[in-house]
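*Asks:* Annotation comment: Swiss-Prot describes His40, His47, His84, Glu131, Glu133 as Mn(2+) binding site, evidence class sequence analysis. For 45-186, the entry in Swiss-Prot reads domain 'Nudix hydrolase'. According to Swiss-Prot, the Mg(2+) binding site annotation covers Cys82, Glu102, on the basis of sequence analysis. Sequence annotations record features per position, and here Swiss-Prot assigns active site to Cys82, Glu133 based on sequence analysis.
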Amino acid sequence: MSHHDGENEGTSADSGYDDFVILLDDDGNHIGTAPRATVHSQHTPRHLAFSCHVLDVGGRVLVTRRALTKVAWPGVWTNTCCGHPRVGETIIDAAVRRTHQELGLDLDPRRMRVVLPDFSYRATDSGGIVEDEFCPVVVARLSLPEELVELNPDPDEVEEVAWVGWQDMYDLARSMPALLSPWAVEQMLEFGPDLPVVR
């Protein structure tokens, strides 16, 4: 997704593995799959996703502005990366894969942690597209300062990137939530103003 609509999530090399999202019941049990390209609509079923927040060595968070061509929430600022795990793929592995695809950034799984394992949300964008996701949240910690982090954003996914202080991101979610994606707002409010601990 994405985020989250994920319409551009596959590539020619791996789209055969990336064409489906995992459908869930109200208790979070897997109940099947559905084509990723068609699952997001005004009647989106509950499905599995993830969100990732990448921090530099000083604790600044990488935020992205969704591409203007995205089906849902185009041009909206959000967390670093979101996506849909493949069948059999862990949340961490999915976050590594999508962050590389969307931003050209290689994350170290040893420096990542699922910090909000039970996060879920439902939201409707201005065009009527619904998101309904069980969406564990990952935080990844880099060993470099932001100025040494090399990024290569995919223009089909990402319009702009910025590094912001964690407190600033939290304050933005509290005071001007309309500037951010609804999932990023809810996640930041659950996190609170203090940096999550990642080894």
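Indices start at 1 and increase along the chain as displayed.
A Cβ is built for glycine as well, from the same backbone N, Cα and C atoms used for every other residue.
Have a look at these and tell me how they're positioned relative to everything else.
*Replies:* Residue density at Glu131 (Mn(2+) binding site): 26 other Cβ atoms are found within 10 A of its Cβ, drawing on all protein chains shown.
Summarised as a single figure, the pLDDT of the domain 'Nudix hydrolase' (45-186) averages 96.
Other Cβ atoms within 10 Å of the Cβ of Glu102 (Mg(2+) binding site) number 27 in total over all chains.
For Cys82 (Mg(2+) binding site), the number of other Cβ atoms no farther than 10 Å from its own Cβ, over all displayed protein chains, is 32.
For the recorded site, Glu133 (Mn(2+) binding site), the DSSP three-state label reads strand.
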*Asks:* Cα distance, Glu102 (Mg(2+) binding site) to Glu131 (Mn(2+) binding site), nearest Å?
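*Replies:* Counting only the Cα atoms, the answer is 20 Å.
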*Asks:* Would you mind listing, in sequence order, the residues at least six apart from His47 (Mn(2+) binding site) in the same chain with a Cβ closer than 8 Å to its Cβ?
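*Replies:* Same-chain residues close to His47 (Mn(2+) binding site) (Cβ under 8 Å, separated by 6 or more) are Val21, Ile22, Leu23, Leu24, Ala34, Val39, His84, Asp132, Glu133, Phe134.
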*Asks:* Tally every other Cβ atom lying within 10 Å of the Cβ atom of His84 (Mn(2+) binding site).
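*Replies:* Excluding its own Cβ, the number within 10 Å is 26.
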*Asks:* Over the span of the domain 'Nudix hydrolase' (45-186), count residues by DSSP class, listing helix, strand and coil in order.
*Replies:* 37 helix, 47 strand, 58 coil
